[in-house]
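Record features, source Swiss-Prot:
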type: BINDING; residues: Asp10, Asp344, His345; note: Mn(2+) 1 binding site
type: BINDING; residues: Asp303, His308, His356; note: Mn(2+) 2 binding site
Amino acid sequence: MKRTVIMMLDSFGVGAAGDAAKFGDLGSDTFGHIAKACAEGEADIGREGPLTLPNLARLGLAHAAMESTGAFAPGFADNVELIGAYGHAQELSSGKDTPSGHWEMAGVPVLFEWGYFSEHQNSFPKELTDKILARAGLDGFLGNCHASGTTILEELGEEHMRSGKPIFYTSADSVFQIACHEGTFGLENLYRLCEIAREELEPYNIGRVIARPFDGTGPSDFARTGNRKDYSLEPPAKTVLDKLKAAGGEVVSVGKIADIYAYCGITKKVKANGLEALFDATLAEVKSAGENTIVFTNFVDFDSHYGHRRDVAGYAKGLEYFDSRLPEMLALLDEDDLLILTADHGCDPTWQGTDHTREYVPVLAYGAGLKAGSLGRRNSFADIGQSIASYFKLEPMEYGESFI
């Protein structure tokens, strides 16, 4: 039986990419810097000691990072019995954003430039916001700036609740984000507002509109809820997900995968929030998956909870939890199944600012007759999509080189 499981550790980079300097990210290293902080006792909040990832190490994580950076991360060495094939991949796409990374790993790199709102204050054109407000029947908005999603709630959450004005903000990514309180503004009202924004942003070539609902009574307890929704553009070409679906296969989205691909190539969507629930849902879908199925999960917490918030200890604790559950996944796989663990970009929690980092991503593959050992440096994330196409005997993708 042929089934593929893709476990996408959102933001888990393994060292500055070859073109990192262009992005101001030379020296970034999500995995390496987390390991270093743990080894030096600087990540002992909610956990303690060196970073411990025995199962990821057996799949080749430390070796992939060593090939990327030239040295083993602190606390890791060439002393494990490898069971997986490992490599590190350079992004071909022009950006270091979520859609670019996901689309490219499915065989469709983003070779055009996204639109961005580069001004840190007064970020959005008045013509754009006027149109959004008019269509939504609103008399104003808050924000209009680059911001951390948690900080802006502390600063503007109460005013939003008093005034009913939505919070518009952006970042270094190609995004337009809208934060609203679920209780006072309403979740469906937020979703409708995001749909309007998605339509009005068409001329600006913005990759995503993101609904950022939150709850709480004040700055001390404002918190994002699990009802985030991404409104992405459609990929510019057919991905390997589309091709498997067209061939009669199944593509199961766990978490935000369906949103990122604008539902293209998806046959089933499973909602789950948090590392535990996402892992539980992934296991459940693999247990019930039949022939010619992809189960594709985005573990977003690594990015949204730990990377952007520059929470090194939280990131380490999350990785150790993820690692502790990998034996459950390995036990479910048949001999012919293919497991791939990878990432879509970096988000080094020790780096300046709060944005993504341009890094190599790990490519860890297990099963399907693959021999344990190095896959080397991959020139594109699209090698993953090409390998999946080869595995399912689909028409080859335009980009990427199969490692199967």
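Cβ coordinates come from backbone N, Cα and C, glycine included.
Secondary structure at Asp303 (Mn(2+) 2 binding site), as computed by DSSP, is helix. Between Asp344 (Mn(2+) 1 binding site) and His308 (Mn(2+) 2 binding site), the C-alpha separation comes to 14 Å. Distance from the CA of Asp303 (Mn(2+) 2 binding site) to the CA of Asp10 (Mn(2+) 1 binding site) is 5 Å. Other than the site residues Asp303, His308, His356, same-chain residues with C-beta atoms no more than 8 angstroms from the centre of those residues' C-beta atoms, the Mn(2+) 2 site, are Asp10, Ser11, Ser304, Gly307, His345, Cys347, Thr354, Asp355. Other residues of the same chain near the Mn(2+) 1 site, with their Cβ within 8 Å of the Cβ centroid of Asp10, Asp344, His345, are Met8, Leu9, Ser11, Phe12, Thr98, Gly101, His102, Asp303, Ala343, Gly346, Cys347, His356, Val361. When each of the binding-site residues His308, His345, His356 is scored by how many other Cβ atoms sit within 10 Å of its Cβ, His308 comes out lowest.
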